[in-house]
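Undergrad: Structure below; questions to follow.
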Amino acid sequence: MSYFEHIPAIRYEGPQSDNPLAYHHYDRTKRVLGKTLEEHLRIAVCYWHTFVWPGHDIFGQGAFRRPWQQPGDALERARQKADAAFEFFTKLGTPFYTFHDTDVAPEGDSLREYVDNFARMVDYLGERQQASGVRLLWGTANLFSHPRFAAGAATNPNPDVFAWAATQVRHALDATHRLGGENYVLWGGREGYETLLNTDLKREREQFARFLSMVVEHKHRIGFRGALLIEPKPQEPTKHQYDYDVATVHGFLTQYGLQDEIRVNIEANHATLAGHSFHHEIANAFALGVFGSVDANRGDPQNGWDTDQFPNSVEELTLAFYEILRHGGFTTGGMNFDAKVRRQSVDPEDLFYGHVGAIDVLALALERAAVLVENDRLEAMRRQRYAQWDDAFGRKILSGGYTLESLAADALARGVNPQHASGAQERLENIVNQAIYALR
């Protein structure tokens with residue numbers, strides 16, 4: 001059965017085409033900085049927003065009528081959902097996908113049913129991957145939707161909930177390994193608090209660290225060679241989450257000796273919820289040595305919640321890609337569309353329109369970022385700004401050649417009187433705009 005029979009395979013037709021079901025800028029074979037666009041972007045489609053979400057919101061019921069979401073045998077519906085998903089991936093031409101365990105398999109009425117159902121669906125996903133050539137970018141476990149996780153999973157006051165969550169992660173990590181996944185994501189959606197009046201912060205942080213340490217141990221025990229990733233988010237659904245932003249995650253990992261084992265998966269909308277730009281979070285992750293992967297989406301600046309819209313800003317993404325490219329690009333990570341169509345977008349075509357447009361935006365932004373990397377003007381001005389630290393005096397300070405006392409004495413003896421130099425921000429912004437808007 002075909003679920004998108006009337007939708008053709010999406011092809012590159014160039015910027016002059018007016019076909020809404022074609023790529024206008026994403027030519028996957030085009031080479032930029034020595035790689036094809038497909039190799040640079042490593043695009044993934046997420047299972048949850050695309051095939052699981054029924055179109056509900058807090059004020060209304062599901063608006064979608066997807067065939068695989070209708071009542072029926074749960075495992076059969078899960079197989080139909082997988083068939084629809086891989087038909088979609090194949091027609092879109094994206095190389096990767098991502099999932100939560102309960103996206104792909106019915107949870108059942110017990111932990112044993114969960115394990116059995118998930119095992120059956122992992123077998124089926126393996127068959128679909130083999131037939132299509134689509135690969136798994138990352139897997140994860142849903143430790144936030146069921147009421148048992150209302151007070152968290154790893155940070156729950158009930159150790160039985162901790163044990164249930166550990167079981168899910170064990171099987172989700174095993175499945176990711178078996179399916180050839182390149183990363184495993186840990187999103188602590190409810191690892192936080194609603195009120196400090198009933199919360200033991202120290203205990204919950206220790207529980208979270210113990211949980212992560214167990215995941216790291218299991219990764220090595222089964223021989224999974226992919227990356228473990230935490231996805232920072234400041235709040236929602238909880239009032240405050242312990243993985244607030246990149247800097248918070250890095251501090252937490254360092255406190256518990258996990259900084260060499262776990263990196264971050266950065267979502268654009270989560271960055272803005274934390275009061276940061278997407279650019280900032282990516283740059284900070286590289287500076288701290290924990291960059292892993294990206295969830296591509298956007299939020300609405302007029303809303304204070306996670307709207308998970310498709311990315312549509314070449315300007316924003318150019319700066320994000322500039323950081324990624326100048327640090328060598330993705331390794332195991334990629335650009336996962338953690339984005340969903342709007343609730344009123346009920347037609348099957350809308351799923352394609354959202355992804356096609358966003359993929360074109362990624363391609364445009366990456367090419368603009370490549371211009372900034374190739375012309376080296378931003379980097380040259382950055383090097384010049386810090387050049388004095390590469391001189392003998394600057395190197396001596398950083399290498400421990402001075403104490404606070406001896407450095408102060410030296411400054412007094414030399415009568416230092418440093419003058420302020422321009423940061424040239426306006427010129428730098430002009431360089432970025434020239435790269436984005438120059439006619440080609």
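Just so you know, glycine gets a Cβ as well, placed from its N, Cα and C.
These numbers come from a predicted model, not from an experiment.
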Undergrad: Let me know which member of Glu231, Glu236, Glu367 Swiss-Prot also records as binding Mg(2+) 1 at the site of Glu267, Asp295, Asp338.
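TA: Only hit among Glu231, Glu236, Glu367 in Swiss-Prot's Mg(2+) 1 site, alongside Glu267, Asp295, Asp338: Glu231.
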Undergrad: Quick one: which residues besides Glu231, Glu267, Asp295, Asp338 have a Cβ within 8 Å of the Mg(2+) 1 site's Cβ centroid, in sequence order?
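TA: Neighbours within 8 Å of the Cβ centroid, excluding Glu231, Glu267, Asp295, Asp338: Trp187, Asn265, Ile266, Ala268, Asn269, His270, Val294, Asn297, Asn336.
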Undergrad: Taking the centroid of the Cβ atoms of Glu267, His270, Asp306, Asp308 (Mg(2+) 2 site), which other same-chain residues have Cβ within 8 Å of it?
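TA: Leaving out the recorded residues gives Lys233, Ala268, Asn269, Leu273, Asp295, Asn297, Gly299, Thr307, Asp338.
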Undergrad: Taking each of His100, Asp103, Glu231, Asp338 in turn, which of these recorded positions have a Cα lying within 10 angstroms of the Cα of Asp308 (Mg(2+) 2 binding site)?
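TA: Those close enough are Asp338.
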Undergrad: Please report the DSSP secondary structure of Asp103 (active site), reduced to three states.
TA: helix
Undergrad: Can you give me the same-chain residues 6 or more apart in sequence from Asp295 (Mg(2+) 1 binding site) with a CB-CB distance under 8 Å?
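TA: Glu231, Asn265, Ile266, Glu267, Ala268, Asn269, His270, Asn336, Phe337, Asp338 - these are the non-local Cβ neighbours of Asp295 (Mg(2+) 1 binding site), listed in sequence order.
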